[in-house]
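**Student:** Input: one structure, supplied below.
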Amino acid sequence: NREDTNPSKNRAKILQCLYTSRYKSHRDRVPKPAEGTCTWVTEHQKYQDWSKKEASGLLWLSADPACGKSVTASFLVTHLESQRNATVCYFFFKDDNTEQKSAIFALCAILHQLFVQRKPLSKYAEEAFEAKGEKFAEEVDTLWDILAKAVAEGGCGDVICVVDALDECEEETLAPLIRRITCLPGSQTSNVPLKFLVTSRPYHRIEIELSSMGTTIRLKGENEIKSIITDVTRVIDEGIRNLELVWGNHGGLEYLRELLRSSADRTFLWVSLILELLRNSVDGSRAELIDIVSTAPASLDELYTKILSKSTDHDKARRVLNIVVAAARPLTLIEMNNALTVRRDYESMRVLQGDLYPRPETTVKNWCGLFVRVIDSKIYLVHQTAREFLIKGSLPGRGNWQYTLSPKDSNFIIADICISYLSREEFSGSPLAMDARGRISKEAVNDYLEKYSFLDYAVRHWADHFRDSQDNGMELFEFTRLICGAGSKHCLTWFQVYWFNIRRYHIFPKDFTHLMMASLLGQGTVVGRLLEEGGDLNARSRLYGTALNIAAVEGDEGITKRLLQKSVKAYFYGKGYNILHTKQSELGVL
């Protein structure tokens, strides 16, 4: 059948819509497994039961924090690719990156991999693409239906999806994803050759959901103490061998091997951090190395405290950690350098550039030590447990670091940085070129972003950080006037870049007021303040109507209600209406 062998006529556009995350680089964040580790999973009877199952099925590998779930998941991707005649797709959740914490991004990544490996299957997304355009890639149910149908009818053989750290997926999209996955072994889809292998911590809420159908195969890594200890021992052995190679001391560190084995807390992370401390020792003397291991705290929390207590500058370390914890995505070293340098009183980018740190990676590591890692020039916390160590909760922390960071305060710090950056004089007189139809060229945007290295992050995320600063953010209200006010030259350039990212194919509005901008960006507190101040609340954008039109289109119920309470009008077909005093029949469009 010719149709069955031809990919979708819109294949290139569909693939572009589905490539919402750099899923390969996200997997590359995961350390490589030590030789011989992780094999206990593939030898386990529960894994064998799932693997040999002819029909669809779900295997849930649970394990405690820092016990190597992500390393194991990455290992299993490679193992399945080499051992089975199946199409293997994957996704690694992380809650430190907007690209890695949504089930929508996960399903997009899985479909993208599937369509790249099996080109004809892209036709199964054709109907949704033609009906919804690029928005088809924004719905869990739509994406899942495409996946199930493609696998069931596409004749592609077995498809296996490895999904790591399910517990780090945002709650909003996690529930529908789990509901779909747990239906795999049901009678309606039992003939679909689609299997899922998911990992997570053994949280009760996930256990309830994943075990709801009673057909989930669960491999409890938290009960496999002997296997975990064996793998930790292998990690120690490989680490000691590497240290001996570095120092040309073959067989001379046996005393460290035994000391580590007796001290290990049975988590891979604890061992890897101690091995890194050994690698970074000043002189590598026997006395120093023994002291590092023998005085190492027995728990991760205590080890984190010890690492941060050695910072060369505690205040700057805390600022870095606030930024890393709250950032919407991992910052590059160049972006972090700008973020650490910018201040409200800097008027010119030239002054900012003159104060940049010459070696940002070394600087950040001097401040934060092993608590952060730099991978592909991006800055990450060493582990999810490090984030949990820092962020305030209901329990009191120990020492000067544990539970000391507030999300509200962290977001305020980044909002201040972003707004201060966008307030620079360079952005007041360099609007981007637009074509005759009022659209911005991709080349102009890329050239601008290349010239100003922190602009992309500031443009995309300042409003979210401002909103998440809650009441703290209003300290920056007057600064937002500068970059959002009607007729502000500072507004034009950054808003052009923002508009290109979110409304690329729509005509750019040059006539937005601050109230319209706040309504678009979901800034309820700013909308409230502007409504109190009065002014021309019914100002109208020629193309997009009033602030009420904009809030309604964005689906922001809270802001829409605020605007209605102040009798802000909406425009339909060039005529203004007070919605609260207008009959539906008069509008004609509702």
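Each residue, glycine too, has its Cβ placed from N, Cα and C.
What TrEMBL records for 36-201 is domain 'Nephrocystin 3-like N-terminal'. For 311-395, the entry in TrEMBL reads domain 'GPI inositol-deacylase winged helix'. The annotation repeat 'ANK' is assigned in TrEMBL to 510-542.
Tell me about the surroundings of these features in the structure.
**Tutor:** As a summary of secondary structure, the domain 'GPI inositol-deacylase winged helix' (311-395) carries 47 helix, 10 strand, 28 coil according to DSSP.
Mapped onto DSSP helix, strand and coil, the repeat 'ANK' (510-542) counts 18 helix, 1 strand, 14 coil.
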**Student:** Under 8 Å between C-beta atoms and at least six residues away from its ends: which parts of the chain pack against the repeat 'ANK' (510-542)?
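**Tutor:** Answer is 463, 466-467, 470-471, 473-474, 477, 480-481, 484-486, 491-492, 495, 548, 550-551, 554, 556, 558-559, 562-563, 566, 568-569, 571, 576.
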